[in-house]
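As recorded in Swiss-Prot:
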ACT_SITE  D51  active site, nucleophile
BINDING   Y109  substrate binding site
Amino acid sequence: MRVALGIEYDGSQYFGWQRQAEVDTVQERLEKALSIVANEPIAVHCAGRTDAGVHATGQVVHFETNAIRKETAWTLGVNVNLPDNIAVRWVKVVDDEFHARFTATARRYRYMIYNHQLRPGILRSGVSHYPGDIDESKMHQAAQYLLGEQDFTSFRAVHCQSNTPFRCVHEVNVTRQGMYICVDIKANAFLHHMVRNIVGSLLEVGLGNQSVEWIEQLLALKDRNKAAATAKPNGLYLVDVTYPESYQLPKLSLGPLFMLD
């Protein structure tokens, strides 16, 4: 039987999603909890492997199991065995053709900026603090150059293992709610560090250090060294993964919780 789960986690205490030797990861914690409930070893596959310090409100995973359990066992039962900063949000038995990564048609991330002179105390691991006068309208204007299928070499990590730098950005918006600025971006897929590298460069525009057209120029240059530094990890959230409607997966609010959808 193949089961899909919606997962939420605070990634600030983990060395990323993917299981690694001798460090604490979200995947390892989730697999341990699932294995307890299933009474057999469970291995999960995820929609997107988040880096150290990155969060998720809309991560999707799937796994195979011989165990027959009620839905509450895969939600409440698994949550009892998880640390407080990881939670199952929903469960659904899916067809064998479903794959959390390969049947996904799009991913959506939100990057949360706390724009204030003083750093936050609460939410310090859930937002990235950037002081100074940030013009979010210029960031939004510059971000529109990212739309469509393009070569994102200037915004990929140096050690990115993808075979191609081309990705298709479906939509991107930069909005403000008081002291919070949200960079909301949806694409068919993302390169390693792509969102954080984009945000780092958009911030240069918002702070007035670069022109709106600079983003267009960076895309044309296809050179990571010409773009800005990578933005901090703690403001980044994987908020949604899109699948064909035929799978009828649950739809929940995107989050993070302090955002008004």
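Positions of Cβ are set from backbone N, Cα and C atoms, glycine also.
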Distance [Cα-Cα, Å, rounded] between the residue listed as 'active site, nucleophile' and Y109 (substrate binding site):
13
When a 10 Å sphere is centred on the Cβ of D51 (active site, nucleophile), how many other Cβ atoms does it contain?
17
Can you tell me how many other Cβ atoms are located within 10 Å of the Cβ belonging to the residue listed as 'substrate binding site'?
26
